[in-house]
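Notes to accompany the following structure.
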Amino acid sequence: MEFTSVTICAICATIRLLGLWAFPSIGNLLDKSVEFSTPVTSYRSLKEALVLGMGSSNTITFNNGYYDGGVVHHPPLLLQALQGIPIAYHDYLFILFDCLILLQFVKLTEQVKRQNKMFINIPTWLPALVYAINPLSLMSCLSKSSVIFTNWCIINAVVQAINGNIPITAMFISLSGYLSLYPILLIFPLINLINLNSSNPQKVNNTIRLILYTIYYCGFLIFISYKINGNNWNFLRANYMVLLNFEIVTPNLGIWWYFFIEMFTEFIPFFKGTFGLFLLSFVIPLAIRFCAQPFCASITILGWLILTKPYPVLGDYGFWFSFLAYFVPIAGYMRYKVFSMLLFIHGIMLSPIFYHLWIGSGSGNSNFFYAVSLVNALAIGTILSDLIWAMLRHEYDGETPNYEIKLAQV
Amino acid sequence: MGLLTNLHRKVIAMGLVPKFLKQLPKVAKLLMLISLIMIAIIPMDGQYRRTYISENALMPSQAYSYFRESEWNIVRGYRSQIEEFFKNNVTAQERNLEVESWLQDFGIKTSIYHNEVHQDTLYGILHTPRGDGTEAIVLSIPWYNGDGEFNVGGAALGIGLLRYFSRWPVWSKNIIIVFSENPRDSLRAWVEAYHTSLDLTGGSIEAAINIDYASNSDFLDYVEIYYDGLNGELPNLDLLNVAIKITQHEGMKVSLNGQPKDTIDDNGYFPRLRTMLLGIRDSTFAGVKKTHGNEAFSGWRIQAVTLKACGDEGNIDITTFGRVPEAIFRAVNNLLEKFHQSFFFYLILAPKNFVSISSYLPSAVIISVVYATFSLDALVNTPFGSPIFFNKESLVSLVILSITLVASYLLSQLFIYATKPELLIGFNILLTLIPFLIKKPLSFFIEPLTYRIRVFGYLYMSLALTSLLVINFPLAFMMGILSFPMTLVQTEQSKVLSNKSTALKNMLCITLSNPFISILIISNIVDSELQYLDVFYGLISAWKDLSCWTWFVICIGWFPAWLLITMSTVRSSRVNTVNTSKKQQ
């Protein structure tokens, strides 16, 4: 069975359009569910930002109070780009972006197959197909969550890094950081990826170029935003400080929110610091340890960011799971595949139920829902540790899988 | 770390893991037994707890109750008037108008909620002289109770109580009185309308007391209290405790789950076990069997109980019974917050004994683990070499699972539009015969596939039970036990090839674990109210009238798993059992 990129795109678009057509209200429903929407990524808040900015006119007027109201959490350039598209077409815009992500997956697979013999047996269409039929990415697309734009930037950055194209990589990674801050940390594994694949053998030179380009693009994006926003810096606070400080305390699938409830007021600064450091502290070590396997390291770090970020949604997971297809060649090393998969399935099945018990019927409480958040985190943590183990074994066995040798993990 | 390493090495050296994996079916059966034992020991001394009032503000029976003999004549007067309605066959509309005028006499704001399908409901609001009127307590009195008897005593008592309440300035919550035609659909329709469309409302309802006194006698014998809500919801244990405590304080005996009078006073292991099991039964079939009125309030964060006066002889008079709602209202009136202190998940063993969720949930979790273990067993212990989870058979099974899911959903919808239980049972008996009838296997239906289908069948059952067990423990527990026979099924060609006795045993297990057949059997055994095929009509009317999900849980949670297991017993084409251990890639 072979799928061309056109076929996969067609499958992807058909499934999504069918979903739209068969359940017209599913978008709103998912957008209200805690699993697919957070205040910083949901379509509700995006629409609110657009409507609030536009009023009755056709363009957003970024007056001084626009970002001060605590409602808008999307960067000015994204809003600027979206204002021209009538709301009725937004559904199709998100489907289009899903297809673009798919095409990048196909491209990515072709490239990694060419460059690393480890991936030679992966069918070119597999990761893309996983993305197309994965219910999580499907529902995320239908819920019109704005993570899709971030994801598109991330995959573009990875593809370009494997191409060894430094300026474009820097542009996309800056763009993804500009949209939702944390993906900027992917620059660390991408440095290694570029060094591995660039035609220029001078590693230091490449690294410095990538960093400088990234700083340049970030500065450029922020400066443009500053200008668009009527020479006002307040968009920085509304977009990024909200994430760093976890300013909107609402339940979500992540591990942050529980510690920011009123009961722990005294410790909130401490928790902010701890979670921030926690998120940061594993990125650089992972990038350094796996500098020889930068592509796998990027995937692992992306998973780590999703696990520890303040406002994760299932759309992030759906995107990340498609990347896991690249681990198929060394899947034999993973020991808890079935366990972590079952854990994850239980987590996502129980989370709406426990949320209902807490918010809906009132017979449960926040502990119920946080317990499910922890189950989810445990599932992702198990997958991550499995991936890291597989990468270590792959290195140990000299890049030719040898499943006969048994090694103890402890 | 060193210790762990040693342990790990030792485990590997002794080969414990493969040995353990070989014994999985036994482990699972053992777990099932443990789960049953865990439930059975709950009523033993030392395992359960005495009830207590958790919310200090409630203070049940701390204030003196004044609803005494002075009110008796008033209640009697209303009762004789209401009896006239019944004797003269007055229409519901005229009766509502007449009662409305009585309520208006002492300053109640009234309104009639008109509903074409579920009949009219009269309700009135006594606005609180104190407080901001954002909260309310409901006194609901269905004109006809669950048995279809005219609720003459209850109606007279309700009007008398409200007249008495209206002369009192202590209320800090609005008091709402509701006269629905029946305690089922019409009360449910009113509750829904109250939260969506009614104009005259009195704030969020904190608690609802349903009164059922279907006799014109002045005296009663004892009181039955009903508390099971729909979809596994229970009222906060504080409210139930308050109701029980007050009833006993007024000198009446309390019967739970409809136990007859002569068993009320029994104390000991077996009476407690009996009360607990009856509670599980009633909660499983809540909404399916006759309702008492408290069920109608489920799903809106309203704590509700039903007080039913039983017997028309005895030394308790109607005003004593009236003092129970009075004192409950006084207690709830004291609340400053919503009910949140006490338990929402519990099992009652006796009026004064209970266990909370932490005591009984583990056994339900274990039942869910049992199915997960069988799923693992079907994955690991196959004659086809080392298990690879992600392969073609898995994909095919997944597709089959999706198809059965859609089919089950369609079946559930179809049955709602055409409720024909005989056809349903016949159809299912036919399904159980299919493994017998198919002699020649289809070419794609190879033997490894049957194992993989079993993996998904048990896994699905386990998932369904896990998701259900916190929402509706009794239903999850019942489903887990009733579908246990399906784990004893053997795939057709494992070891004993086409053995007649194996096939017969398979068919018996499959028949017993069929959701519809086993529900039919169990409802006829445990519940005298649900005779013959009543349970299916009950399930459908519970969905239509009360939006109770039990029917869908059975159809979508249980039936697909059963279909998969049945499918796995169908004769399959054989493949070589030689270890074709094809590694991934």
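Glycine is treated like the rest: Cβ placed from N, Cα and C.
In TrEMBL, annotation is done automatically, which means it is predicted and not curated.
For B:27-44 (among others), the entry in TrEMBL reads transmembrane segment. Among residues of the same chain six or more beyond the transmembrane segment (B:27-44), those with a C-beta under 8 A of the stretch's C-beta atoms are 20, 269-270, 272-273, 276, 347, 349, 355, 359-360, 362-364, 366-367, 369-370, 373-374, 377, 477, 480-481, 484, 487.
For the transmembrane segment (B:354-374), the list of distant contacts is 24-25, 27-29, 31-32, 34-36, 38-39, 42, 47-49, 51, 237, 343, 345-348, 454, 458-459, 461-462, 465-466, 469-470, 473, 476-477, 480-481, 484, 487: same-chain residues at least six beyond its ends, Cβ to Cβ under 8 Å. The annotation transmembrane segment is assigned in TrEMBL to B:354-374 (among others).
Sequence-distant contacts of the transmembrane segment (B:394-411) (same chain, six or more residues past either end, CB-CB distance under 8 Å): 444, 449, 452-453, 455-457, 460, 555-556, 559-560, 563-564, 567. Taken from TrEMBL, the feature transmembrane segment applies to B:394-411 (among others).
Among the features that TrEMBL reports, transmembrane segment is placed at B:423-438 (among others).
Here TrEMBL flags B:458-482 (among others) as transmembrane segment.
Within the chain carrying the transmembrane segment (B:503-526), a Cβ under 8 angstroms from the stretch's Cβ atoms is held by residues 281, 285, 421, 424-425, 428-429, 431-433, 435-436, 478-479, 482-486, 488-490, 492, 532-536, 554-555, 558-559, 562, 565-566, 569, all 6 or more beyond its ends. According to TrEMBL, the transmembrane segment annotation covers B:503-526 (among others).
Same-chain neighbours of the transmembrane segment (B:546-565): 184-185, 188, 230-231, 284-288, 291, 295-296, 298-299, 397, 400-401, 404-405, 407-409, 411-412, 415-416, 431, 453-454, 456-458, 460-461, 464-465, 468, 472, 475, 479, 483, 486, 489, 510, 513-516, 519, 539-540, counting only residues six or more beyond its ends whose CB sits under 8 Å from a CB of the stretch. Marked as transmembrane segment by TrEMBL: B:546-565 (among others).
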